[in-house]
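First the structure, in the form of structure tokens, and then the observations on it.
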Amino acid sequence: MAASGSERVAVEKCKGINGLDKVVLREPRGSTAEVYLYGAHVTSWKNDHGEELLFVSSKAMFKPPKAIRGGIPVCFPQFGSHGSLEQHGFARNRFWSIDTDPPPFPTNSKSFIDLILKPSEEDMQKWPHSYEFRLRVALGTGGDLMLTSRIRNTNADGKPFTFTFAYHTYFSVSDISEVRVEGLETLDYLDNLQNKERSTEQGDALTFESEVDKIYLGTPTKIAILDHEKKRTFVLRKDGLPDAVVWNPWDKKAKTMADFGDDEYKHMLCVEAAVVGKPITLKPGEEWKGRLELSAVPSSYCSGQLDPQKVLQNS
């Protein structure tokens, strides 16, 4: 059991649902995050009031080999159906190890865990490349959640490899019809509902009234999700991740998903930092790094703009 009060441990290894290993991160002011070793999957991120900021379906199956529905699945070495592998690749349904000897990597946080994935023989048959995928999940002093992926080509045969990637983040929202996303206006996107047809986003911030599955290309480093009802804004800051995927299955699609409640689409929105449009190619010895920082700040709903003071304080 974890100690209480000021003695609470910053990093605790324990058992989660169905006996799966997980790591709980705690920050002194009270925010927490949980990471399952299965999939290196962040399944919970709570602020210092104990409010859950990520969505995990009530029907999520914590049973390998099924990926966990919600939280932050890691899509590697393939995003979606953009390749010959299974949907979203295999990293999200492999057992990762705790990396006991990670390369030097500065962090201000005491509350972090380093995980590592290397290919199994079975994986090598599907995707014949040797790699080391290191993921650090950290909880900042203000409760920000930071994910840093480092992927290195360790092929001995001199061959490069190419991959696409996403942090498939499911945010918890009060009501999808009250949510708007800022930062993707006027950008080009690929519409997965229209055979990946390329279009340009029109008008102001994104709002939602039907199924959406779009890959925005060449996006800014900062994207905001405004939840009017909760007066909360999620801010995504990303580095090495030029694209952003926006997804909500809406009612018809939701009913076809066994591990997703029929009405749960109302309370979630995926905005995913990704590399899809121009895949990454690594030569042996080369490393790619992709970083995502998530923060949740109070927001005023003033003509659709972020409260500038709050954003300045948090930028």
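Keep in mind that glycine also has a Cβ here, set from the backbone N, Cα and C atoms.
Any TrEMBL annotation is an automated prediction that lacks curation.
The annotation substrate binding site is assigned in TrEMBL to Arg69, Gln87, Arg92.
Contacts of His168 (active site) defined by a Cβ separation under 8 A and a same-chain sequence distance of 6+ are given as Ile72, Pro73, Val74, Cys75, His88, Arg92, Val245, Cys270, Glu272, in order along the sequence. What TrEMBL records for His168 (among others) is active site.
If you look up TrEMBL, you'll see Glu272 (among others) marked as active site.
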Any further residue of that chain within 8 Å (Cβ to the Cβ centroid of Arg69, Gln87, Arg92) of the recorded substrate site: Lys66, Ala67, Ile68, Pro73, Cys75, His88, Asn93, His168
Cβ neighbour count within 10 Å of Gln87 (substrate binding site): 13
Those residues of the chain, 6+ apart, with a Cβ under 8 Å from that of Arg69 (substrate binding site): Val56, Ser57, Lys59, Ala60, Met61, Met257, Asp259, Phe260
